[in-house]
Amino acid sequence: MAIKIRKLDSAGEGFAAELRAVLAFEASEDDAIERAVAQILADVKARGDAAVLDYTNRFDRLNAASVAALELPQSELEAALEGLEPKRRAALEAAAARVRGYHEKQKIECGSHSWQYTEADGTVLGQKVTPLDRVGLYVPGGKAAYPSSVLMNAIPARVAGVGEIVMVVPTPDGLKNDLVLAAALLGGVDRVFTIGGAQAVAALAYGTQTVPAVDKICGPGNAYVASAKRRVFGTVGIDMIAGPSEILVLCDGTTDPSWVAMDLFSQAEHDELAQSILLCPDEAFIERVEKAIGELLPTMPRQDVIRASLEGRGALVKVRDMAEACRIANDIAPEHLEISALEPHQWGKQIRHAGAIFLGRYTSESLGDYCAGPNHVLPTSRTARFSSPLGVYDFFKRSSLIEVSAEGAHTLGEIASELAYGEGLQAHAKSAEYRMKGAGDRQKG
């Protein structure tokens, strides 16, 4: 059966409206899910371990005697790594090493160090940078097991110097994924609990008798997990609420069309709501890509998902030139942006909004997903306009440092008291003035 992908032309009269329709996505809020999550959070907050145990045994069809029994010892993670097929173990270890190396360099460059300076009067100003004490990592379980996500979330936290990393992963029917457990070991995870869903998010946010409360929760999950993360935000930090995966390919027509087709598939196979778009000034090349899609789709194990994604939210867009493609790309602000062209850096300089930019025809998005090194946790749904990939900077917090000298107390006090009186806050003004007087008396003495 032929696949029907939307085809647009930027020169068309209604192009702007057509593109908006392609991009339109609003996460549906299921009232039943919201009510269930609210109840689970409240229950875990009130009953702690007992509630977590009840929900875990019910939803994952287990018969655990306690939450403590759901914690995996480090020896089990070590056994999972040892038991991997050698080639797969080597790939996982290589990916972990590359992700760690990238984030160690990122730590050096991203302002992760405290700093201060001294003014002429002896006043010291600066900033103290501190890693978070404890971070929670949510990992989907069952069939949707992604060891790469474990590495991408755990390694930057460990590189940042987070004191403790606590991972939760559901194990429906007791099924454990050795790749996920091995990735937890390589990523430096300290504790692993086999719990999931909203109850796991609640346990991490509020703490229970067994599960320690964390300062921030990271990691993907289903609609229940996303709702729970939204609700606990403020009690703890969260990484983001990610939407469906996205890829935007800018191509000048010089890349093998089958490569481009497979790159579009690489996001479409995630789920039916994923979005894959091609922008290209060469109409004949677009037709070749369309033909390659039709030829390659039947070879894909997840062809039904890919078809639904491409037909529902995909597009092949003819643009006037590559400069226009860059302008459109900035408006879309995609999660993944491939610039598959002879001169990728020329066009890359024009890109301002994208979660990750893949330069050159040999740079497939899938390499970034697994092993290039940069983080694959990226902003979606146009949030790349104001958000960044997950990184070591997400696991630091900053405190301002102020140490005022006696002379500085006089200089700053005059400014502060004047402004405080202007705002009608007399105690603020007096607090500054007392120190002005005290500093003056000390200098006289």
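Just so it is clear, glycine is given a Cβ too, placed from its N, Cα and C backbone atoms.
Non-local neighbourhood of E335 (active site, proton acceptor): S245, E246, I247, A354, G355, A356, L378, P379, T380, A384, each in the same chain, at least six residues away, with C-beta under 8 Å from its C-beta. Swiss-Prot lists E335 (among others) with the feature active site, proton acceptor, giving sequence analysis as the kind of evidence.
Taking Cβ-Cβ distances under 8 Å and a sequence separation of 6 or more, the neighbours of H336 (active site, proton acceptor) in its chain are S245, E246, I247, L248, Q267, A354, G355, A356, F358, E365, G368, L378. Annotation source Swiss-Prot lists active site, proton acceptor at H336 (among others).
Listed in sequence order, the residues of the same chain lying 6 or more apart from N222 (NAD(+) binding site) and placing their CB within less than 8 Å of its CB are P140, G197. The NAD(+) binding site annotation in Swiss-Prot covers Y138, Q199, N222.
In this structure, H428 (substrate binding site) is part of a helix by DSSP. Among the features that Swiss-Prot reports, substrate binding site is placed at S245, Q267, H270, H336, D369, E423, H428, with the record citing sequence analysis.
Annotation note: H270 (substrate binding site) sits in a coil segment as assigned by DSSP. Annotation source Swiss-Prot lists Zn(2+) binding site at Q267, H270, D369, H428, citing sequence analysis.
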Fewest-neighbour residue among binding-site residues, criterion Cβ within 10 Å, set H270, H428: H428
Residue among binding-site residues H270, D369, E423, H428 with Cα closest to the Cα of Q199 (NAD(+) binding site): H270
For the binding-site residues S245, Q267, the one whose C-beta sees the most other C-beta atoms within 10 angstroms: Q267
Farthest-apart CA atoms of S245, Q267, H270, H336, D369, E423, H428, residues recorded for substrate, distance in Å: 56
Local Cβ density at E423 (substrate binding site) - other Cβ atoms counted within 10 Å: 9
C-beta crowding around Q199 (NAD(+) binding site), within 10 angstroms: 28
Packing count at D369 (substrate binding site) (other Cβ atoms within 10 Å of its Cβ): 20
